[in-house]
Amino acid sequence: MAKAPVRVLVTGAAGQIGYALVPMIARGIMLGPDQPIILHMLDIEQAAEALKGVKIELIDAAFPLLKGIVATTDAVEACKSVNIAVMVGGFPCKEGMTRKDVLPKNVPIYRAHASALGEHAAPNCRVLVVANPANTNAVIFKEFAPSIPEKNITCLTRLDHNRALSQIAVRLNVHINDVKNVIVWGNHSSTQYPDASHATITTTSGEKSAGELIADHHWLQNEFITTVQQRGDVILKVRKLSSALSAASAACDHIRDWLIGTPKRTWVSMGVFSDGSYGIQPGLFYSFPVTCQNGNWSIVQVFRYFYSLTWPIIMLSTMTGLKIDEFSRTKMDATAIELMEEKSLAYSFIDQQ
Ligand code: NAD
Ligand code: LMR
């Protein structure tokens, strides 16, 4: 029996990422080749004509999975009954502006979108915030959508995760599918910490750690990290526009893994509401390694085994986080500090509203 269509909202759909993302969704790249879609696209009045153009092209592309299109500049109409919301729309970071300058502009936008989704989305709607500063826009979103549980609100760091996987695959000249379990910790910004210390590579003689195969540990602790941290700026410099196709593709990867599940013994990076895991302040939207099952994410924990010291001696196990060395700890904390600063700045603007 054919599946019922899923309603997917893309805000900022007339923009660059939107233009790359909506055909991917309509082709089944986000939710699979047998999942019919009804696309909801929202943009602002000034982009209404461009949005109309995207709708016409979607019709002309004759996507078999695309069962309907709602293209509108009305947030309430856009949010009605949506199951998934990909929040790409936001105030653009113009030349000379910092991420912090964008925050006060995003508060009213995220307030309006969060309220509309909170009131009109389908129950259990999943939200992915892409627009920058993504982690802190997620904080603002959560504040104004109290009916949407925090476990349903996430932000995009999958692009950074994919960048990190690719850097290792290129370095080792292996297939991208053979590299897994890198981690991007923290903020989707230049303070993020791309961490290869738990990454593994599938080889003909079994699974090896990245540290075992990459003898140059200096590269892993320096160039690897800065390349991933600064990748967005490099793209901006050469394209004169920020990343779009890779961001759209990462958004599809994020939602697909969240809803369909991560492969066995594989984790991905997602910006999620911190519960205090790994010593990260609760309430931050921080990028952690997560696994996903049955439409839910959980922060990676591993079993540790130990022996009871009383007779009879038995082996016990407990769930605890991955091992974090001092190098990682410092970098994880630095990006958390930036997120705390962004969060309090966001609240100072929220309080002024
Ligand atoms: P863009 O400027 O091309 O598109 C943004 C769209 O949002 C525009 O069409 C604009 O009209 C629309 N918009 C603005 N205000 C809106 C509102 N109130 N309601 C609905 N739509 C609104 O930008 P882009 O290149 O598509 O990038 C979008 C965002 O994604 C930027 O903030 C960018 O920095 C961010 N980004 C994030 C990642 C990530 O990995 N998290 C990666 C790349 C880009
Ligand atoms: C990226 O990582 O490519 C983008 O977030 C850069 C940006 O500022 O839009």
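Placement of Cβ uses the backbone N, Cα and C atoms for every residue, glycine included.
Positions annotated as domain 'Lactate/malate dehydrogenase N-terminal' by TrEMBL: 6-153.
Here TrEMBL flags Gly12, Ala13, Ala14, Gly15, Gln16, Ile17, Gly18, Asp43, Asn106, Val130, Ala131, Asn132 as NAD(+) binding site. Every protein chain considered, the tally of other Cβ atoms within 10 Å of the Cβ of Gln16 (NAD(+) binding site) stands at 18. In the three-state DSSP scheme, Gln16 (NAD(+) binding site) falls into the helix class.
Positions annotated as domain 'Lactate/malate dehydrogenase C-terminal' by TrEMBL: 157-347.
The active site, proton acceptor annotation in TrEMBL covers His188. Close to His188 (active site, proton acceptor) in the fold, though at least 6 residues off in sequence, lie Asn132, Pro133, Ala134, Asn135, Cys155, Leu156, Thr157, Leu159, Asp160, Gly271, Ser287, each with a CB less than 8 Å from its CB.
A Cβ distance below 6 Å to any atom of ligand 1 is met, among the binding-site residues Gly12, Gln16, Asn106, by Gly12, Gln16. Taking the Cβ of Ala131 (NAD(+) binding site) as centre and 10 Å as the limit, one finds 26 other Cβ atoms among all the protein chains shown.
Per-residue pLDDT, averaged along the domain 'Lactate/malate dehydrogenase N-terminal' (6-153), amounts to 96 for this model. DSSP classifies Asn106 (NAD(+) binding site) as helix under the three-state reduction.
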